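To keep things clear, I will list the structure first and then write my remarks on it.
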């Protein structure tokens, strides 16, 4: 067999679960509760312990046999008494009623319910049993409740003869009196019939054999008794009716009460209650004899006092068996008690709002309202408005307050007031300087080297050799057009190189390169010597106070003279170390890679002397090397990190724009997440294309970055408006003189911002008498429809540098006759614009007839004019073409088409052989057989 649950074992052994659990724990068996399982061995152990305990209790059970025998004797006495005549029983009952009244009126007797039973004798020698004699000892377990008690049920009846049913009922009611009183409130609302059924079901050993007839209302017809005035409101029936039992019941032994009285009784604390009464339905009161009818004067008051106290009558407030109500509803009393208890209970205090202390100093801003001040002062806005009202200031909670009002309010509260000082977060130069001055946690960083020199002296070839790539082949004409930033690794050390253009147009870009560099490598061709851009590069490097390393290139060419180059450079303060100076000269050949490693070693040596360091743990700051507008990525900027570390997702302000770093790409085209100091990266995620040499600063959050970027953009726009020249009396003559000049309107679009600036500066420097260049728009990116629309509206020329027009822009330019010039070398762009300014300024146009129409029919239409119907004889007719009306070889009118239709549809063009309908704008004198010529004006190319 398997294991068995504790509760199953306890059920088999007829013991309590708790006893089994206690025995199991004493035996060391692991049992938690009645649902725990025990095996056969454990079951045997527990059985043995239970048998030992039962053996120990055997003597006590034998000692209890003597009271049992006495109980049997008393039971026999009851049976004999039941066989006596009915008259004796009636007489006994009458005396019992008298005893009951005397027992009730005695206060001490009512309070001694749990005392041992004692017998009393009347004057005639008859024995009267007290109520406590028939009480059972209180059960330790909870009994089924039955609250149907009546006053007459508590009468200690000695009548054990004819009316055995009443005796048993009274005994039963007394046995369950404690349980009934405890649960009286739960069954008050039950009907009488339901209570009777409950009682019969719960006490099977006392189940009656027949139904109990219900007494009706007392009338003359049925002869039911009425209450007797001197009997405390009881109904008294004739003794003859009470002598006949109406149903047979199981009669208990008469000595049951004595048996219970002999057993030891334990009292438990209980609330003192008045004596409960038995149910009137089961025990009908006996008529009071004439001798017992007179009562003391205090009996009525005593009964009233008992009834006022409740009297323990569970039928109080409901209809009795005779149809009368027995008082008011007990629930009302219970509700009143609960209400009094709630009123007497201590009430919970409402939570009070904690008053927060005032700040020592009120830091305010001009324009704050009462609501804003309330948050700072930890006060309600209504309180502040009330205080201001008392001070003579009428405001509402949303009205802005001036400085004096806020200080007056602070004085009333007894605190100081201080106006908040706003820090200009849009001043990037100040932030940039503060971050650069930060000397905490400095670590060595790679040097930033800028390669400078004249055009075609081999700068890009040298850098190409260093990176082992072929950058020069991708440049148009072999000339570097914009800055490139690269990193080279030598002996586990990095060097950052910047390649600057050598053309004169890129002066600003060279100056920017010198500003952000640590070391300048000046490349000079051994065969050409010092050239104008070489001298300019020297000046930029000296202005930036950057050390210069001279790389004499092309020493492999025939006719190369490095010593002559060294002599020329001494005139500009660059004296070789061999000649007693401090400038490092390295003779190299970039094409063949000669002495390249020596040049790199000299760069690292110079970097060690400079002790270059940066703090990688702070917020990143740096400089924009180049910027452009990518078709797929949007604005793209090449930046050089100078301090801190730039991370993907950092809020950033670049020049006059802002954004969040979406992605970073290094010089090899690979995505990176972090950019350390001296590392060039290409970033995306900014809102607009910044200018070259703009500073960038990383902010703590995007909100601050947005505010700083918008403020800088606003200031830049205001500065641009200030630069507009307005006409005044002082410059009126100059303005009129300039009005006589012819202007060449130009729109410049380039791939990067540096190229845009260089091309614009070069075009503005062109000097032609009577003509000047007016750059109406310059931007980075491809030529789009907006540029073409602007050019068409202002009659301007579009110059594209390393960019191409979009398909839609190209089609629109052809339609609007906008001239687009595309270049990849800056020389040709400058020369072409200069040639146009010197004599071929005004374009030449010639007329070209594109088609003719013969008028077949004319239809006058109101509010439209004359509609012409005809066929296209030759060529084609377009909607935007000019028309000329010819009649008999004479031109009658020249103008534009008003509309062009084919059937009911508006069309842009009708070809030869198709019929059409048209109108001529502002002309209606059209006749049949007139000829209409369509023509366009085409520009003659400049030769």
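The first residue you see is number 1, and the count goes up from there.
Cβ coordinates come from backbone N, Cα and C, glycine included.
Annotated range for region 'G1' in Swiss-Prot, selecting from 445-452, 453-460, 461-468: 453-460.
Across the domain 'tr-type G' (444-613), the model assigns an average pLDDT of 78.
For residue 453 (GTP binding site), the number of other Cβ atoms no farther than 10 Å from its own Cβ, over all displayed protein chains, is 25. DSSP gives residue 459 (GTP binding site) a helix state. Applying an 8 A CB threshold to same-chain residues 6+ apart, the list for residue 555 (GTP binding site) reads 526, 562, 587, 588, 589, 594. Between the candidate binding-site residues, 456, 459, the densest Cβ environment within 10 Å is the one around 459.
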